[in-house]
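Participant: Structure below; questions to follow.
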Amino acid sequence: MEIEKSTKGSAEIGEKEEKKKKQHRRGGIRTLPFILANEVCDRFASAGFHGNLISYLTQELNMPLVAASNTLTNFGGTSSFTPLIGAIIADSFAGRFWTITVASLIYELGLISITVSAILPQFRPPPCPTQANCQEATSSQLWILYISLLLTSVGSGGIRPCVVPFSADQIDMTKSGVASRKWNIFNWYFFSMGFASLSALTIVVYIQDNMGWGWGLGIPCIAMLISIVAFVLGSPLYKTVKPEGSPLVRLAQVTVAAIKKRKEALPEDPKLLYHNWELDASISLEGRLLHSDQYKWLDKAAIVTEEEAKDPTTTPKLWKLATVHRVEELKSIIRMLPIWASGILLITSSSHLHSFVIQQARTMDRHLSPSFQISPASMSIFSVLTMMSGVVLYERLFVPFARRFTGNPSGITCLQRMGIGFIINIIATVIAGLMEMKRKSVAAKYHLLDDPKATIPISVFWLVPQYCLHGVAEIFMSVGHLEFLFEQSPESMRSSATALYCITTAIGNYMGTLLVSLVHKYTGKENNWLPDRNLNRGGLDYYYFLVSGIQVVNLVYYFICAWFYTYKSVEEISEKNKEEDLEQANEHVSSDDKLNDGKEEEKRGLTKDE
């Protein structure tokens, strides 16, 4: 019987090792071009689609500025809420590969529908070149737009939370693995996205403004189709992580177990709390979370009662007893939330800036030569170029320099990186307000305040400093925020953590819409800060200074949260395996020594007999 058991056991071990070898052969850097090609084409499509959409709504559908801006911001918010649903689907049962594939197809349907509506004239109101007394789009024409935007929102909900975690699945993301690499996946992810946005903002926006919206929206549609093909072609190479049930259910189980045992007394030694390495193995592939002293009332979920201790071999009822690792998962999420929330007011204050700056640029002198002028939406290339070059300089110059003083492999911590980004963003918004004051003063000097279609004799390149500063702020704030959420979240919840990053944008966009609507409503009719048609008679500079003040308040809140934040502590699998290998090696050596000693004694015995 013992021989049979050992044979079966060795066969099972052999099968597991073979599976591990196959899985190990998959993944690696070679898969990243396929994944990033999908995301680059997706970003190219979305940047080409959304980057100049404010012009499509105001110039083609004849929507008022505030209504058009609110429409884009609301659907931007929806696009940022749907990733939570996509993340739950991916982490619970579908897996990241299939979630990305299906979501990409839905996104493609949205692009096809709006492209068709841009080609067929019956889906648009009559042209209005004077922008005065224009006939707005009918409700049926707007419904085509809303359905298209909704499909793209649902599609991006499956793509955005899964691409970064799926990329990270292909490489070693343990602390030792990250420290051994000279490149940061988050930096290069944003660099790739910047390259895609730059291409869209130059090529696609030019086509939209000069060749028509049929081609201008058709090209992003074709790019998205290419992205789906590229992603599916790489499927034989991908390392896939099997979803292990909804992370939200695990968080609920810990909460319920802690409430049920709220009257139990915690043991003085946390080692007496419930640990089960086998139960947690599938959700802790990189390492097990170590016990922390924060939120001790949650530790009650891991108290082992006398009744539960009677039969330690049975699988516990997880609504009554949770492992320390699962308790620490919930603690990690709770610790992250205040830092995560600091991004909401930042998005609130900057959600409408892109739309407003495009309208500013439209009134300024945009000529690069007597015969060529830059498109208003293409001004964003200065922000993207700054971000792309800044990412390279950050990784090649700043990180090695900062590492000498901090000893941190990343140069500075995620929290320090975010704080710097907040400060730079405030400076950029203040400069935007000063530039608007200058634009209006030039318009007043040449008596152009009452002519919204006139070109004010001031170069559009006065807007470049604020674009560049926003690009620098993104290097620090956006990359740092995503990196923080990814690193500090439990590894089994990384899609959900990336969704949290998107939800920051969603809530910020909705709050931005509320802020703009309130400002538009309560700043009067004659000198409204955000007028529908004539920006020259508005008070956009006052709006910029208002949102700068909001960002200062948010910065103070962030500093308080960052000061009290505690980083999660992980016992890495690689370290544990090394210890186990060392123990096995020592046992092997000691058994060899005993065997050799036995042989020597036998030899001595034989010699004596002789």
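Here the Cβ of each residue, glycine as well, is placed from N, Cα and C on the backbone.
Pasting the relevant annotations from TrEMBL:
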type     : residues : note
REGION   : 1-25     : region 'Disordered'
COMPBIAS : 1-20     : compositional bias 'Basic and acidic residues'
TRANSMEM : 97-123   : transmembrane segment
TRANSMEM : 143-164  : transmembrane segment
TRANSMEM : 185-207  : transmembrane segment
TRANSMEM : 213-233  : transmembrane segment
TRANSMEM : 374-394  : transmembrane segment
TRANSMEM : 415-435  : transmembrane segment
TRANSMEM : 455-477  : transmembrane segment
TRANSMEM : 498-522  : transmembrane segment
TRANSMEM : 542-566  : transmembrane segment
REGION   : 576-610  : region 'Disordered'
Participant: For the transmembrane segment (374-394), I need the partner stretch with the highest count of C-beta pairs below 8 angstroms, choosing only from 185-207, 498-522, 542-566.
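Facilitator: Between the stretches 185-207, 498-522, 542-566, 185-207 has the largest tally.
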Participant: Should anything in the same chain at least six residues away from the transmembrane segment (415-435) have a Cβ under 8 Å from its Cβ atoms, list it; otherwise answer none.
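Facilitator: Contacts of the transmembrane segment (415-435) (Cβ under 8 Å, skipping residues fewer than 6 from its ends): 339, 342, 346, 349-350, 353, 357, 462-463, 465-466, 469-470, 472-481, 483-484, 541-542, 544-545, 547-548, 551-552, 554-555, 558-559, 562, 565.
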Participant: Under 8 Å between C-beta atoms and at least six residues away from its ends: which parts of the chain pack against the transmembrane segment (498-522)?
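Facilitator: Contacts of the transmembrane segment (498-522) (Cβ under 8 Å, skipping residues fewer than 6 from its ends): 66, 69-70, 73-74, 76-81, 83-84, 86-88, 160-162, 164-165, 336, 340-341, 343-352, 481-482, 485-486, 489, 528-530, 543, 546-547.
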Participant: Are there residues at least six beyond either end of the transmembrane segment (542-566) with Cβ under 8 Å to its Cβ atoms? List them, or say none.
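Facilitator: Same-chain residues near the transmembrane segment (542-566) but 6 or more away: 292, 294, 335, 338-339, 342, 345-346, 348-350, 353, 356, 415, 418-419, 422-423, 425-426, 429-430, 432-433, 436, 515, 519, 523, 529-530.
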